[in-house]
Every structure is written in structure tokens, then in C-alpha cells.
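**Student:** In case it's useful when we look at the structure, here is the feature table from Swiss-Prot:
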- GLY12, ALA13, GLY14, GLY15, ARG16, MET17, GLU38, GLY102, THR103, THR104, ALA126, ALA127, ASN128, PHE129: NAD(+) binding site (BINDING)
- ARG39: NADP(+) binding site (BINDING)
- HIS159: active site, proton donor/acceptor (ACT_SITE)
- HIS160, GLY169, THR170: (S)-2,3,4,5-tetrahydrodipicolinate binding site (BINDING)
- LYS163: active site, proton donor (ACT_SITE)
Amino acid sequence: MHDAQIRVAIAGAGGRMGRQLIQAALQMEGVALGAALEREGSSLVGSDAGELAGAGKAGVAVQSSLAAVKDDFDVLIDFTRPEGTLNHLAFCREHGKGMVIGTTGFDDAGKQAIRDAAQDIAIVFAANFSVGVNVLLKLLEKAAKVMGDYTDIEIIEAHHRHKVDAPSGTALAMGEAIAGALNKDLKDCAVYSREGYTGERVPGTIGFATVRAGDIVGEHTAMFADIGERIEITHKASSRMTFANGAVRSALWLKGKKNGLFDMRDVLDLNSL
């Protein structure tokens with residue numbers, strides 16, 4: 001392994017996202033796959049991570065604990081579940097390891113734990129690691145500043161049947177981008193469900209609608225609707241590799257950073273636009 005490479009560990013290696021993260025880590029220049037993890041008791045423990053991901057033998061055996069691979073990685077990439085990610089966060093904070101967190105569904109306490117840990121380690125925490133989605137978020141900020149005060153804003157998202165949280169983290173990030181551009185707190189203006197007799201739409205709110213069906217990788221639309229016209233800004237993902245490549249790119253970007261909380265807009269330098 002070349003000293004210039006950054007070594008990544010992949011949590012949830014046997015999952016759909018984990019396998020593609022392994023592929024991305026093996027393919028990206030400047031990155032080395034240092035470790036792969038699965039839950040204790042998994043039948044995948046001991047298998048070769050590259051073969052598990054369909055990328056050929058990598059010489060990295062899947063392990064069941066971070067302690068077993070403590071000296072084998074610099075940055076952990078975690079797209080698992082909130083409770084597991086927070087356990088990994090505590091370990092990485094204690095041992096000075098960077099993290100790329102793509103897990104969604106954190107409550108306020110979980111988000112605060114991430115902010116606290118970033119005082120000691122470098123973390124990229126994002127709801128979505130695709131370049132396209134992060135450009136979308138920037139476009140939404142611009143659109144909201146121009147027409148957000150007088151249009152009806154709705155966010156519609158669709159994902160595969162196995163997704164366990166709703167609305168998606170990306171949909172919430174879209175809402176936060178719009179609300180922030182309007183100097184609002186999303187908690188004060190979001191409407192997450194409508195059923196029965198709801199009365200007329202409340203001005204200034206941001207509505208959310210969720211679809212869960214089939215194998216949809218991820219589709220997100222923000223609608224700014226006025227009388228006589230509307231603008232729709234949409235992103236559609238057709239492969240999880242776009243997220244995997246973005247996450248591994250983020251791990252590479254963390255090289256040399258000691259601490260701090262960042263997102264994909266930092267990685268892509270979109271905040272300067």
C-alpha cells in the first residue's frame with residue numbers, strides 16, 4: 001500500500017450500498033480498501049470483501065468489529081442504521097478516525113452527537129452523496145430566494161420498497177435548503193402528511209409526499225407552484241454507484257483534515273457559487 005493512499009473501511013459491507021462502496025473504493029485512485037465490516041454473527045464474516053462485491057479478490061477479509069481493524073483504516077464510510085452509526089462514531093472519535101456518514105434517519109440527539117464528535121475528528125455528513133443532488137440543493141436555494149415567498153412549495157420523493165425512513169434524508173435536505181434560503185426553520189413550516197378534511201393549503205408551508213415502490217433507486221422533485229405556472233426541479237438516480245463514488249470521493253477529500261463537520265457541498269466547493 002502506498003503511503004499517499006487513504007485507507008477506507010466500509011461498514012455494512014454486505015448490503016446493497018456496502019457492496020457498491022467496496023467497488024468504488026477499489027476503483028478510485030488514491031484510495032485503498034483497508035477494511036470491511038458486517039454485524040457479528042453474519043455468515044459474511046471472513047469472506048473476501050472484493051469477491052463479496054463482485055469485484056474480484058481484494059485480500060481484505062470481512063470483520064465483525066472495528067476493534068479488529070483499528071490499525072487498517074483512516075476513514076470509515078458508514079451507510080447503515082442510526083444506532084450502528086452512532087456506535088461507530090464513538091469508536092472513531094476515541095481512536096482519531098475520520099468518518100463519511102451517509103446514514104439517514106437520525107433524531108436530534110443523534111445529529112448533536114455527530115456535531116460533538118466533529119470537534120475531535122473530521123466528518124463528512126450528508127443526506128446524499130451524488131454530485132447531481134448537491135447541485136440540485138444549490139439550485140433550490142437560488143429558486144427559493146427568487147420565488148419562494150409567493151409560490152406553493154412541495155417536495156415529492158420516491159424510493160424502493162425496502163427504505164425504512166420517510167421522508168428521505170435527501171427530501172429533508174431539500175426542505176432545509178429552501179427553508180434556509182427563506183430565513184425559516186423547516187420544523188416550523190413543514191407539512192409531512194395530509195389526510196381527510198385538511199382545509200386549504202396554509203401559505204408559507206413546505207409540503208412533503210413520499211412514494212415507496214419496487215426498486216426505485218431515488219427520485220426527488222421540488223415544485224414551486226404559482227397560479228398559471230410552476231417550476232419543477234428534479235433529480236433521478238438510476239444507480240447507487242453515483243452515491244458510492246461520491247462517498248469515496250469525500251473520504252479522499254478528508255485526507256489531512258484533523259477535525260470539523262462538512263457536507264458534500266464542501267467537498268464539491270459549491271458553497272463558493
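Placement of Cβ uses the backbone N, Cα and C atoms for every residue, glycine included.
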**Student:** Near the Cβ of GLY12 (NAD(+) binding site), how many other Cβ atoms are there if near means within 10 Å?
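**Tutor:** Excluding its own Cβ, GLY12 (NAD(+) binding site) sees 23 Cβ atoms within 10 Å.
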**Student:** Check the recorded positions ARG16, ARG39, HIS159, HIS160, LYS163 for other C-beta atoms within 10 angstroms of each C-beta and report the one with the most.
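**Tutor:** Buried the deepest by this measure is HIS159.
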**Student:** Looking only at GLY14, GLY169, the binding-site residues on record, which one has the least crowded Cβ, with the fewest other Cβ atoms within 10 Å?
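**Tutor:** GLY169, out of the binding-site residues GLY14, GLY169, has the fewest neighbouring Cβ atoms within 10 Å.
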**Student:** Sorry to bug you, but what's the C-alpha spacing from ARG16 (NAD(+) binding site) to HIS160 ((S)-2,3,4,5-tetrahydrodipicolinate binding site), rounded to the closest Å?
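**Tutor:** With the alpha carbons as reference points, the distance is 12 Å.
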**Student:** Based on the record's binding annotation for NAD(+) (GLY12, ALA13, GLY14, GLY15, ARG16, MET17, GLU38, GLY102, THR103, THR104, ALA126, ALA127, ASN128, PHE129), what whole-number value in Å is the widest Cα to Cα distance?
**Tutor:** 22
**Student:** Give me the long-range Cβ neighbours of THR103 (NAD(+) binding site): same chain, 6+ apart, Cβ under 8 Å, in sequence order.
**Tutor:** ASP78, PHE79, THR80, ARG81, PRO82, GLY84, THR85
**Student:** Give the distance between the Cα atoms of GLY12 (NAD(+) binding site) and ARG39 (NADP(+) binding site), rounded to the nearest whole Å.
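**Tutor:** Cα-Cα, rounded: 7 Å.
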**Student:** Which ones in the same chain are close to GLU38 (NAD(+) binding site), with CB under 8 Å and 6+ residues apart in sequence?
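**Tutor:** In sequence order, GLY12, ALA13, GLY14, LEU44, VAL45, VAL62, GLN63, SER64 meet the Cβ cut-off.
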**Student:** In terms of DSSP three-state secondary structure, what is the assignment for HIS159 (active site, proton donor/acceptor)?
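**Tutor:** Assignment for HIS159 (active site, proton donor/acceptor) reads strand.
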**Student:** Want to know which binding-site residues, from ARG16, ARG39, ALA126, ASN128, are within 10 Å of THR170 ((S)-2,3,4,5-tetrahydrodipicolinate binding site) at Cα; which are they?
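**Tutor:** Candidates kept after distance check: ALA126, ASN128.
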